[in-house]
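Student: These came from TrEMBL, pasted as-is:
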type	residues	note
DOMAIN	1-408	domain 'Major facilitator superfamily (MFS) profile'
TRANSMEM	14-37	transmembrane segment
TRANSMEM	44-64	transmembrane segment
TRANSMEM	103-121	transmembrane segment
TRANSMEM	133-154	transmembrane segment
TRANSMEM	216-239	transmembrane segment
TRANSMEM	251-275	transmembrane segment
TRANSMEM	282-304	transmembrane segment
TRANSMEM	316-336	transmembrane segment
TRANSMEM	357-377	transmembrane segment
TRANSMEM	383-404	transmembrane segment
Amino acid sequence: HLHETDYCKYDNQLLTLFTSSLYFAGLVSTFGASYVTRNKGRRASILVGAVSFFLGGAINAGAVNITMLIIGRILLGAGIGFGNQAVPLYLSEMAPAKHRGAVNQLFQFTTCMGILIANLINYKTDKIHKWGWRLSLGLATVPATLMFVGGLALPETPNSLVEQGRLEEAKRVLVKVRGTPNVDAEFADLIEASDAARAIKHPFRNLLQRKNRPQLVLGALGIPAFQQLTGMNSILFYAPILFQTLGFGSGASLISSVLTSGMLVLATLVSMALVDRFGRRAFFLEAGFEMFCYMIAVAITLAFKFGEGETLPKAIGWFLVVIICLFVFAYGRSWGPLGWLVPSELFPLETRSAGQSMVVCVNLLFTALIAQCFLVSLCHLKYGIFLLFAGLIFIMSSFIFFLLPETKRVPIEEVYLLWKDHWFWKKYVEDDDEKDIKKPTT
């Protein structure tokens, strides 16, 4: 410890393994979730995820060693894999096109509310010695129970019912959720999309076809990976540790975590209210510029004022808290909710469950990698880690600017038409369409 810098105080692989084990488990479970979501329905995946999450919370509450804690985390991760697979699809398929952005972002909003409530619980249970941590971890069974009961009460989505051949039930549900009997055009689109989906025996292989290159690059790979490479989850996972490293006490660091998660909730409400008016691209690009500036500001401040055992002046510490909160606010109205909304809009029905599995898999892979690598990177790169995140934010904003068309208010089964008018993607879609036309019929 004689040569330890402030950046390396918490470089502990057991700590990071405990954090990242949940996301590695979610990564693996998402492939099983894809099968269940496509063949048994969206509700079935929600129910399986709820049961797994309940068991994980119960085991963690009763853990007597680190092995039990990690087993509990793995079950929680499986629950996240199933939930992340099914819930964004469920919301996108149930929502009318003009409100799909706001409805889908309920997923991110409730996630952010969960983070805020968890931080408030941690702040209170931190004062209960010996068993407070058990209460904190065990309370995960409460949302798991609510998720299970809600899953039993929900109807299946019309898209999934059509996919399973239950046409009359699908039309009844569609009439109910749209609030009008005039659903014939939308129902016809669902049947047409389902017929195309039924012809696809290997949806993962189909996702690799040239005509699906836009969905693969944007929805399945680019957006979910970049969502984690913003550096946001590093701040959320390790906010108490980060603020302790910056010189705050344990109580103050937990309060700072509550503050950042509160900003996340507020930002999601802003995004829900405005994303269907201003569009997905505008939120991505404007917030990306802000996030880039904030990361540069954090790096410069730490470069001059932090490092070799010197306590940060209180004014500088609170300046960093404000900058981090502004960063969280920018992320919370852009890459946070849109990282789930936009991919759920891009895939046609025949590859939707496979595509969403790829989204969840890539997202959780990068989440786990960031969780595993952040503290050791902070130790070795020091303030440079924030410059690295700033560079990644510039790259991902450019990715959005050049490659993502606007999807606001486009019916979900007509999003594929956007690729035919896009300056870059149209050559992939048109070339593939021409090949299909030239194929001789037998």
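Including glycine, each Cβ sits where the backbone N, Cα and C put it.
Heads up, TrEMBL stuff is auto-annotated, nobody curated it.
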Student: When each of 103-121, 133-154, 357-377, 383-404 is checked against the transmembrane segment (282-304) for Cβ pairs under 8 Å, which one has the most?
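Tutor: Looking only at 103-121, 133-154, 357-377, 383-404, the most contacts with the transmembrane segment (282-304) come from 383-404.
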Student: Does the structure show the transmembrane segment (251-275) and the transmembrane segment (44-64) touching, where I'm treating 3 or more Cβ pairs under 8 angstroms (sequence separation 6 or more) as a contact?
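Tutor: Contact between the transmembrane segment (44-64) and the transmembrane segment (251-275): absent, because fewer than 3 Cβ pairs are under 8 Å.
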Student: For the transmembrane segment (103-121), give me same-chain residues lying six or more residues beyond its boundaries with a C-beta closer than 8 angstroms to one of its C-beta atoms, as numbers and ranges.
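Tutor: Residues packing against the transmembrane segment (103-121) from afar: 87-88, 91-92, 94-95, 135-136, 139, 143, 236, 254, 257-258, 261-262, 264-265, 267-269, 271-272, 275, 332, 336-337, 340-341, 344-345.
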Student: With contact taken as 3 or more Cβ pairs under 8 angstroms (pairs 6 or more apart in sequence), are the transmembrane segment (216-239) and the transmembrane segment (44-64) in contact?
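Tutor: No, the transmembrane segment (216-239) does not contact the transmembrane segment (44-64).
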Student: State the non-local partners of the transmembrane segment (316-336) in its own chain: residues 6+ outside its ends, Cβ under 8 Å from one of its Cβ atoms.
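Tutor: Contacts with the transmembrane segment (316-336): 108, 112, 226-227, 230, 232, 235, 243, 246-248, 256, 259-260, 263-268, 270-271, 274, 283-284, 286-288, 290-291, 294-295, 297-298, 301-302, 305, 396.
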Student: Near the transmembrane segment (133-154), which residues from the same chain, at least 6 beyond its ends, have a CB less than 8 A from one of its CBs?
Tutor: 43, 46-47, 49-51, 53-54, 56-58, 60-63, 72, 76, 79, 83, 90, 114, 118, 121-122, 125
Student: For the transmembrane segment (357-377), could you work out the same-chain residues 6 or more beyond its ends whose Cβ comes under 8 Å from its Cβ atoms?
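Tutor: The answer is 10-13, 15-17, 19-20, 23-24, 26-27, 30-31, 33-34, 37, 77, 80-81, 84-85, 204, 207, 216, 219-221, 223-225, 227-229, 231, 233-234, 237-238, 241, 339-340, 343-344, 385, 388.
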Student: Other than its close neighbours in sequence, what residues sit by the transmembrane segment (383-404), given a CB gap under 8 Å and a spacing of at least six beyond its ends?
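Tutor: Contacts of the transmembrane segment (383-404) (Cβ under 8 Å, skipping residues fewer than 6 from its ends): 214, 217-218, 222, 226, 229-231, 234, 280-281, 284-285, 288-289, 291-292, 295-296, 298-300, 302-303, 306, 335, 342, 374, 377, 424-425.
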Student: Over the domain 'Major facilitator superfamily (MFS) profile' (1-408), work out the mean pLDDT and round it to an integer.
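Tutor: A mean pLDDT of 85 is what the model gives the domain 'Major facilitator superfamily (MFS) profile' (1-408).
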